[in-house]
Amino acid sequence: MADGSSSNTKRNSLILHHPTNLKGGWNAAIFIIFVEFAERFAYQGLASNLIQYLTNVLNEPITQAAKDVNTWVGASSLFPLLGGFIADSYLGRFNTILLSSVIYFAGMVFLTLSVTAFKHKLLFFLALYVLAIGDGGHKPCVQTFAADQFDEDTPEEKDAKSSFFNWWYLGIVAGSTASVFVVIYLQDNVGWGVGLGVLAGVLALALALFLLGIKRYRKEGPAGSPFTRLAQVFVAAWRKWRVQATHGHYNFFHDEDEEHHEPHHHLHVQPKIHTLLHTHQYRFLDKAAIIDEIDAESKTRDPWRLCSLTQVEEVKLVLRLIPIWLSCLMFTVVQSQVHTFFIKQGATMERSIGPHFQVPPASLQGLVGVTILFAVPFYDRVFVPLARKITGKPTGITVLQRIGVGLFLSILNMVVSALVEDKRVGVAKEFGLIDDPKAVLPISIWWLLPQYMITGISDAFTIVGLQELFYDQMPESLRSLGAAAYISIVGVGSFVGNIVIIVVEAVTSRAGDGEKWLGNNLNRAHLDYFYWVLAGLSAVNLCVYVWLAIAYVYKKVDEGHRTSSDQQGSGHKKYKPGV
């Protein structure tokens with residue numbers, strides 16, 4: 001049976017990797033890229049202008065509208081944790097994408113009906129969160145499913161995969177930017193029903209194209225709960241808490257076959273698990289991989305008492321990412337201002353281009369996308385070669401350094417935003433418009449250009465860096481959840497933004513001068529003070545991040561499956577029951 005299984009595995013592998021096989025590659029990935037283009041087109045077309053609908057149509061106060069937007073963005077970014085778990089454990093990525101696409105389309109149809117036929121606030125918010133559920137299936141699966149179409153064991157497809165990520169990011173930015181310029185204009189000048197109807201039509205077309213390519217896709221089946229392997233390490237380490245300190249040479253269980261080399265299903269490409277080298281952080285977890293007397297005398301291995309060293313190192317990878325995840329939350333708090341207070345600032349400024357056209361205030365978000373389209377090639381073609389000459393690193397700077405540059409730029413962004421807001425309020429005072437919140441101030445909206453451009457540049461550093469970090473440093477079996485964890489930074493950051501708003505409102509309302517920093521009248525409010533607070537919090541956060549980044553240990557992969565104790569600082573042994 002073992003020989004038959006082995007031969008079947010080899011035969012299936014040849015079928016999957018044969019050059020004449022039409023499945024996978026660019027023939028499949030191009031369909032998935034269009035799906036992501038449509039999803040970003042729809043999401044950005046709604047999120048970018050949502051605060052305008054809440055304040056102008058539903059008549060919500062600015063601070064309440066900002067909190068509602070942050071809450072929805074947060075929920076949309078947290079549902080991917082559930083979506084990634086369902087995809088990895090039960091449905092597989094293809095089925096999850098298909099189901100979430102239907103839910104996403106249904107939510108957009110309900111949303112369109114809520115602003116046209118029914119005009120009901122409850123239905124509007126219900127539809128918003130149906131969209132968030134659909135988005136939760138898309139975000140963690142689509143990019144990973146598209147990357148699955150390229151086989152890293154085939155040289156030509158490995159090169160194509162590297163090119164794919166560039167086109168993938170370009171598709172995301174292009175979809176978001178096109179939506180900001182086109183859909184927002186329709187919403188502000190034609191009607192919200194037309195604008196949302198366009199989004200629903202694009203989603204329907206994307207779903208049809210996704211189904212059109214169904215015979216071209218390489219599909220990966222569910223691999224079971226990814227949390228089981230993590231839980232086994234903690235339980236095994238706890239059960240061996242009496243084992244002495246784990247430094248020095250120990251009999252670590254180095255499993256090479258039992259855990260990862262299971263027979264492959266003939267319809268699916270299985271994830272590749274690499275052997276990881278031992279690291280010295282979180283040494284208490286090493287106890288889970290030590291073969292003690294009970295393990296040596298046992299006839300069968302108890303996975304809840306003895307784990308492979310690679311399994312232990314996978315848990316360490318996840319633990320190392322948690323502090324980095326936490327230290328990036330303030331970055332998303334700063335970036336969330338683009339969807340809220342930046343727009344309300346622009347709505348009070350002169351927006352005319354010529355005698356007959358006014359720039360919708362939310363459309364300036366398109367400048368973020370345009371900036372990214374220029375910043376990413378500049379980073380790749382200019383910055384990296386220059387940095388490479390200085391550092392000697394192939395990537396110019398490390399991924400953590402890249403993220404750190406973006407965090408610094410977010411501080412600069414808030415400083416610039418505070419100075420521009422001070423200028424805007426000064427103009428309102430100069431022309432006696434301080435008590436007229438609906439007045440158009442004689443100051444051009446293009447004063448906001450620097451803060452939008454800095455937002456785009458910081459995104460090019462931090463967002464792309466986080467995508468790379470949470471893909472590369474997560475265990476292979478957890479990469480869908482890794483994508484969800486990266487996305488959840490945006491979600492939790494949005495909720496943190498809400499907390500900051502609530503605290504600022506509470507503190508300033510008790511100040512006694514009668515002027516809240518975040519009141520409905522931005523001319524009387526002190527939005528610039530709020531930006532300075534965010535700049536200060538971001539500066540403290542950057543210091544913590546730098547400290548964490550210095551101590552961070554990157555994944556160490558034993559590509560040659562070396563087991564020398566001289567190389568690893570510990571003994572690695574194959575487990576033999578009953579020895």
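Glycine is treated like the rest: Cβ placed from N, Cα and C.
What TrEMBL says about a protein is an automatic prediction, not a curated fact.
As annotated by TrEMBL, transmembrane segment applies to 72-91, 97-118, 167-186, 192-212, 321-342, 362-379, 399-420, 452-471, 483-509, 529-554.
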Most Cβ pairs under 8 Å with the transmembrane segment (167-186), selected from 97-118, 362-379, 399-420, 529-554:
362-379
Hey, which of 97-118, 362-379, 399-420, 483-509, 529-554 has the most Cβ-Cβ pairs under 8 Å against the transmembrane segment (72-91)?
483-509
Using a Cβ-Cβ cut-off of under 8 Å, list the residues of the same chain that are 6+ residues beyond the ends of the transmembrane segment (97-118) and lie near it.
35, 39, 42, 46, 53, 57, 83, 91, 124, 126-128, 130-138, 141-142, 145, 192-193, 196-197, 199-200, 203-204, 206-207, 210-211
Mind checking which residues reach the transmembrane segment (452-471)? Cβ under 8 Å, same chain, six or more beyond either end.
169, 321, 324, 328, 331, 335, 338, 342, 364-365, 367-372, 375-376, 379, 399-400, 402-403, 405-407, 409-410, 412-413, 416, 479, 482-483, 485-486, 489
Can you tell me which of 192-212, 321-342, 362-379, 399-420, 483-509 gets the most C-beta pairs within less than 8 Å of the transmembrane segment (529-554)?
399-420
Which listed range (321-342, 362-379, 399-420) shows the maximal number of Cβ pairs under 8 Å with respect to the transmembrane segment (483-509)?
321-342
Could you pull out which residues elsewhere in the chain have a CB under 8 Å from any CB of the transmembrane segment (399-420), counting only those six or more residues past its ends?
324, 328, 330-331, 334-335, 337, 342, 345, 447-448, 450-451, 454-455, 457-466, 468-469, 472, 528-529, 531-532, 534-535, 538-539, 541-542, 545-546, 549, 552
